[in-house]
């Protein structure tokens, strides 16, 4: 199949469906507003039908049609609600229930009004019983449901309280919870679920997916005529859609009653009953009885349980068919050998359960059974479930008044040619629980003798371990294998005699089973071979392979004193021949015989010919170049390979233009940057500096309409009375990019609003939108023009909800909110996606896009813009900002930021903004409540006090303290795949299956998490064989009685993810577009599964936490790891030891094994442990480290191999300085280089030489300042005082004092360096920004601080583990007599100027000479002159080479290869570019003291 067809699979699939019967709206954005009821809204409830509603909420959906046209949809009749327990009896008549509802309704309305009343003469004050119009509570009714929090069977009755104002929901629930309404406290249910999430869950809607309505009402005019967008955007597809659904006699609303409020093309109104997505819900009433136990669920729909998961599976199946892939089959399941779950305290728990069972049972002799345990009261059938009760308050279908002012009547009953199908994200259809592993065949180990270590053996083992810790050997391998061998001997001694007798008997029996005769001869056993020797050595406790220990190749580096650290002594030797012990021949006679002078036979052969020139040339070309020596003045890179230069890999597909789909299902995106002329070196201030130019760029692939306009453009303020040739120059500079000129800034802003209204983008973005881009424009309009441009940019004219000072948004995403549009602050979006030391656009472009961007100061840009006579400078400014706008789109597209958030929204069900704005609990809840609602579960809403009062978390995951050491043999890494989700599935842990704490169970007042509940009598006796007791003592129902809701949710997630990943592997690398789409989906699934446990354990800000459930999950994970460790270490054939474990992973050391054996053993371990755990818990063999270093918890590094065929290792580090961002680049490079040298050579002499060389460079200043920049987050306003502020904040504060606009964003990374200062000066007072450092020629890096405080401590943490003290190596360095030539203090300049050394050869002067030359150099004048010239030319050449690099970089802006480009390139001050630092250094080399001295000497010598 061709690439084109692959890239448009989605659109092809959509077009293949039949003509749609639905009017479809993509749910891109939503909010709500309050209004007076219209005939499209409910006007009264059923509990108090005589009282009218004073106001009702309406939901606004900002979306798009399949044709790409924007639409605003008003949804009427959706009311927020919550539940409380019904205080009556099931035997109450319907009349009595209605009376109770009316009384509750009246009480609520009165008490809530009173709580809102602030003055005595408040107009809402009640007189008698006259309620009048209802302001807060719409209706109260009775529904039946199952409480979700705790194990409940049988229907419970609840009051459903429907409200009129969603913003009052939280306050009303607190009043009821605190007992201020009814005089007693009630538990609240589902009040923590936000209004908009409630409606999307009830109607089966998902963010960025389609709302299907069978009809709608249009507001007049049907097509908006503002800016003639109706004429510009109308096309055949839209006309066909309108012809089908728009009947001007029946469904066009009156302008008087329903005026247009939106600025978009189409505006419609719908009622709840029009939404057909709800019909796809699969409702399951299975928890009011033991239906799952009795097997009465054959006609009830099964998984996938969420429609988004179901749609995802259907879409994947269709895509596989389009790609001609085989039908998807679930991976084969590993055979399990799990009979029962025995925890450490299982015996104790069973005894407690029997006591609880006795305590909660009756003594009438009757044995309870599942068939008649629940009282099947027929009155429940007359009461609705929440699902059935939803339509009660829906407005009735109105008779629409004909709108005579509309366009001419039209009818067309033909179906529309839909070019799409529903594209929603999916779920799972398979019984594949959890991620499945590799298909390794099961190995039988039945031939191994079984032995159990006795307590005596354990004591001996402990003695061996104690002896090991006190040993003075360097290598652990021998001690570890000796320890394992002793355990084998002790365990095998019991069966030794039986084995020997059996072997003797077997020798007398032939292979056929007959006994040998008396005279029979039997072949003797062959002599032992190489493998027998290895096996014997292993049996005796010697490693099969004794890998080389670290050593010194240079014997001079060996110290006389022993190498010791932390009570251990390390035997480090040298491989040099001088350190070897000589062989003594004392007392022995050595005879030397003369060799015969002739040979009986002689043979001759031709010698190899010397290689030809071509052969040498070919060989040389094949050998990778080691590069030149110019980097000697910089910190050595950790690797010469170019693939390590970039932090993130290239994206080949990103360079290709993505093909538009015929169905619009993305979000349109407009980005913008501005240029403002400033004053001197100040940052532009919106209160002073006007915007001179606006550069906008529309992401072409997201814009579906063909408006015959460009996708990028420029707006410029230029008065016609000024330079008349300026517009012509601009147009000449920018070629085909459209440019518009405006007389004033205000006119340009008005044109910008018109542009936004015309394009109507869903997303507005800028690299930094608070101080620049949109934020600058908004602030400028407010302060100077008194013009609220935010209202003009919004998608509505009234009921506008905007925010300009959202504190949380300012610190985490965007502090600006524009109604109907999403705002993306690009640098902050990247901050959550990628780890960079700085988040400037130059750093992001280089690391993500692999593009180096020049940076000019605002002062330079202002000067170039004002120099209007220079075309090159104008062109530079225009291209500078235009490229930045283009980079904005490229960065988001490269990271798939928008596409990934869309996929999450479609899967989880929340809107696009909530994906990146809301936390993980909100996402879990969205998915969870959809399953709960389909099964009539009602969720508890605990208050903050309830959350604080629940039992504290007690269990912690297993995080072993590693045996810190250098491991020279293979180290296996095993990882449980999705451990916590798999535990919840495998052991059926959930809110809905919790019965209680086994030690405290009784019939009433069972404390569990944030709630208390009662148990029906005899329930424990009934469930005696259908419960699981978790290792923390909480009892859960098994799947035979009730499959947990969390299990259903996670099964959907994990199964679909497995299907997606398998499809990704099968489609290969050709179809990159589809692969990126699938990758975004699997990432969304992975993130959702990983945060589910956090939802249960959120003990501070939890929405529905349960500490007992969270402890069950954690403790089960802990004991699962402990069981795995026991299985691994008991198998004697592996000779393995677990040296580290962390939550869900194990590090297993194999002393003396080969890497190939390590892979084989690793797979066997993973399979064995998996077999001993319930489905779907799966232990995966991840990789082999060889060699490696374990430093401490969560800190380790090693050479990683993921397959036996892998030849080149991957440097894999976690938690150490090479991957941390709180240090400096030099620290990362030096430490990684040292670790690589240790792993590759184990030669400590090479490491010592390398380190001393780097330390020496630092001391003499022969380094790049960029490598020594710290970049730490700054949170101004979060520090107690200026005295406690960190160094970065001090640097920023100094900058703000000079320019108030220089204040950084919250958590922005600020670079700074540490320089030498006065004695006693504080560290933070010696910190300067890179700008200050480069401007101050008298500043010098504090080499002692960097070496002793930044470099040596982390190196010591690594090399102390092998007995090496790096600090001693640093002290051996002979410090340079000369100070740095580039960073010398003022007092040093004088000293160097009068130093008694020759400025040519460096020899000490015997007498003072004006030329600063020694007698020898004076005598050899020609040689000295030549030396000066060579040095001068070398410096000049280096400088010119660097200037050429800068000119090449800036050429993309100037398109000028002349002198002017050279001048512009010199203005670049990109502090993210290493060339900039090198250029500044080279420039200073040409004018430092030594260069001046040499120049003066050269002039004086010029007379020769």
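Yeah, the Cβs are placed from backbone N, Cα and C, and that goes for glycine too.
Positions annotated as zinc finger by Swiss-Prot, on the basis of similarity to another entry: 1398-1417. Residues of the same chain lying 6 or more positions beyond the ends of the zinc finger (1398-1417) and with a Cβ under 8 Å from any Cβ of it are 1423-1424, 1427-1428, 1490, 1493-1494, 1496-1497, 1500-1501.
The Zn(2+) binding site annotation in Swiss-Prot covers 1398, 1401, 1414, 1417 and is backed by similarity to another entry. Look at residue 1414 (Zn(2+) binding site): DSSP puts it in coil. Counting every protein chain shown, 22 other Cβ atoms lie within 10 Å of the Cβ of residue 1414 (Zn(2+) binding site).
Under DSSP, residue 1446 ([4Fe-4S] cluster binding site) is assigned to a helix (H, G or I) in the three-state scheme. Within 10 Å of the C-beta of residue 1446 ([4Fe-4S] cluster binding site) there are 23 other C-beta atoms, taking all protein chains into account. Under the heading [4Fe-4S] cluster binding site, Swiss-Prot lists 1446, 1449, 1468, 1473.
Marked as motif 'CysB motif' by Swiss-Prot: 1446-1473. Long-range contacts of the motif 'CysB motif' (1446-1473) within its own chain (CB-CB distance under 8 A, at least 6 residues past either end) are made by residues 838, 840, 842-843, 846, 852-857, 860, 864, 870, 872-873, 875-876, 879-880, 883, 1266, 1311, 1330-1331, 1479.
If you draw a 10 Å sphere around the CB of residue 1449 ([4Fe-4S] cluster binding site), it holds 19 other CB atoms from the protein chains shown.
The shortest Cα-Cα distance between residue 1449 ([4Fe-4S] cluster binding site) and any of the binding-site residues 1398, 1401, 1414, 1417 is the one to 1401. Of the recorded residues, residue 1468 ([4Fe-4S] cluster binding site) and residue 1401 (Zn(2+) binding site) place their C-alpha atoms 36 Å from one another. Between residue 1414 (Zn(2+) binding site) and residue 1473 ([4Fe-4S] cluster binding site), the C-alpha separation comes to 41 Å. Other residues of the chain with a Cβ within 8 Å of the Cβ centroid of 1398, 1401, 1414, 1417, the Zn(2+) site, are 1399, 1400, 1402, 1403, 1405, 1413, 1415, 1416, 1418, 1424. Counting other C-beta atoms within 10 Å of each candidate's C-beta, the binding-site residues 1401, 1468 are led by 1468. Long-range Cβ neighbours of residue 1417 (Zn(2+) binding site) (same chain, at least 6 residues apart, Cβ-Cβ under 8 Å): 1398, 1400, 1401, 1423, 1424.
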